[in-house]
């Protein structure tokens, strides 16, 4: 730590604090969503009763505090230090879900979570360094170059297709729809957050960046993307296991963010073959962890039911990946318990 600059130390402290708050917010918000769903229309069914639930607002405040800390961390430290620490939110979320929400995670699920964290951290730590940015206008020039404009257009088109075609048909049963929307928009959010954070830091140092319209456009993008992410993250939390949502969301969000950063800042051209090979290993690790998580996500609950002295519940072999089969299993569990 004595070799780190004061700015980097501040960034690390803020990033760790952000992970604690964000990881906790998943659990607090879901507790509110469950209470709201018990007395009205669930968020996954289009209900908004959670807006009257104090637990949900407590979770929202906790998440906002975490996001502000994360926002500030990007202003002090490079993404290569801030982004890997976001994996800590997975650990806090999984542990709290186990003890507070009784969402049991089998030991192979825990191993899958660890693999996701290790793989994501490997990719981020070996990602190319971003170029030094000294003004919001410099970020704007990078954002309007053809490569990033094409990436942004593709992201927006895919998100619109997910929202208007796949979400009404498969959103209630396939977690990847909700998480995909949040992750894709998240990659654009981080690029804009980086620009706004730089603008705020330079402004506080005496070089006002908010006199340029570019800064306000980035703020508008951040606000729009955050509203979309909050809406669909609520739906995902209401219908699927929190301990599974957190790592998958982190993995997809990190992956798309790295891709967006590489395209926007063009640092990929300076990578060596060793770093590229390491990143590929990280992707394989992530895929392995994600597969393990989804294949064992109900195993802990099944064992707790079968441990009561009854026959174990048969698993569906053809269950689609990233689906929620909890409703069918809960009815079987109630029969066995009775």
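Each residue, glycine too, has its Cβ placed from N, Cα and C.
Source: prediction; values computed, not measured.
What TrEMBL records for 12-28 (among others) is transmembrane segment.
Per TrEMBL, transmembrane segment is recorded for 55-76 (among others). Beyond its flanks by at least six residues, the transmembrane segment (55-76) meets 7-8, 10-12, 14-15, 17-22, 24-33, 35-36, 82, 86, 89, 190, 193-194, 196-198, 200-201, 230 of its own chain at Cβ-Cβ distances under 8 Å.
Feature annotation from TrEMBL assigns transmembrane segment to 82-101 (among others).
Annotated transmembrane segment per TrEMBL: 108-128 (among others), in sequence order.
The transmembrane segment annotation in TrEMBL covers 148-166 (among others). Sequence-distant contacts of the transmembrane segment (148-166), counting only residues of its own chain at least 6 positions beyond either end whose CB sits under 8 Å from a CB of the stretch, comprise 142, 174, 177, 180-181, 184-185, 187-188, 228, 256, 259-260, 263-264.
Annotated transmembrane segment per TrEMBL: 178-200 (among others), in sequence order.
The transmembrane segment annotation in TrEMBL covers 212-232 (among others).
TrEMBL lists 244-264 (among others) with the feature transmembrane segment. Packing against the transmembrane segment (244-264) from elsewhere in the chain are residues 23, 26, 79, 83, 86-87, 89-90, 93-94, 109, 112-113, 116-117, 119-120, 123-124, 127-128, 130, 142-143, 145, 147-148, 151, 155, 175-176, 179-180, 182-184, 186-188, 190-191, 233, 236-237, 283, 286, 289-290, 293-294, 297, 322: each is 6 or more residues past its ends and has a CB under 8 Å from a CB in it.
What TrEMBL records for 276-293 (among others) is transmembrane segment.
According to TrEMBL, the region 'Disordered' annotation covers 299-338.
Per TrEMBL, compositional bias 'Polar residues' is recorded for 321-338.
Outside the transmembrane segment (12-28), and at least 6 residues removed from its termini, the chain residues within Cβ reach (under 8 Å) are 4, 55-56, 58-60, 62-63, 65-67, 69-70, 72-73, 76-77, 81-82, 85-93, 96-97, 100-101, 237, 242, 245-246.
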